[in-house]
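Below is one structure, written out as structure tokens; comments come after it.
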């Protein structure tokens, strides 16, 4: 993003243009090159929160020891924790409930963090054990942040104190929280019979009467279907007989028509014969 007040485009009066010579320029000439540049003010682009953050970051100045001016007994990096002179060794494994015997090592001190102290699953021994598990749940993140010297955070008071043992008791499944969404509700256990049907004893009189009525209805429907089939077959036979009669009638009428046509063809010849016989007489 460019601005007109950042740099001066026009040369000032009396300013000579830069000339590049073959030799190396001295320190005085290099210093004169940047005299006409203006500084940029970034205070308008920095918010109040960011300004406070920058002031906190740049307020710490390096000590003279950090620049190499340290004494014989002063550490090179004063902001870091001194190394532990004890040897780095893991303590022997202990499987007790309280993990009291950690053994000699770098993590055996009371104020140090043990990375091997993972959550130990213990089954509750009664209703009191499940309630103690909900009260004594421990967050390892709280323990790490509390022992970090370079981090400053405001932790909620609801978290457990770092002095509590690293144990997480698993609550029974019966005390699990219900699902939040109504669509994720657990299906209700299905009963032996669906809703709307009552249990009927097969040896009862009502069940026998119902089965008898169903059997009678099935037999009636089957008899009705058989009667319809027989009626259809009978109609088919009647139609076939009527078709045969009609065919015979058509053949008879065709023969009569042919006979009549032959008679009409012979009538003019007979008339001519009669006329010829009458003229001869």
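Including glycine, each Cβ sits where the backbone N, Cα and C put it.
Taken from Swiss-Prot, the feature region 'Disordered' applies to 1-30.
Sequence annotations record features per position, and here Swiss-Prot assigns SUMO2 cross-link to 121 based on a large-scale study or a structure entry.
If you look up Swiss-Prot, you'll see 181 marked as phosphoserine, on the strength of similarity to another entry.
What Swiss-Prot lists as domain 'bZIP' is 204-267, and the listing cites sequence analysis. Residue counts of the domain 'bZIP' (204-267) by helix, strand and coil are 63 helix, 0 strand, 1 coil (DSSP-based).
Sequence-remote contacts of a segment are chain residues at least 6 beyond its ends whose Cβ falls under 8 Å from one of its Cβ atoms, and the region 'Leucine-zipper' (230-237) has none. Residues annotated as region 'Leucine-zipper' in Swiss-Prot, with sequence analysis given as evidence: 230-237.
Computed over the region 'Leucine-zipper' (230-237), the whole-number mean pLDDT of the model equals 96.
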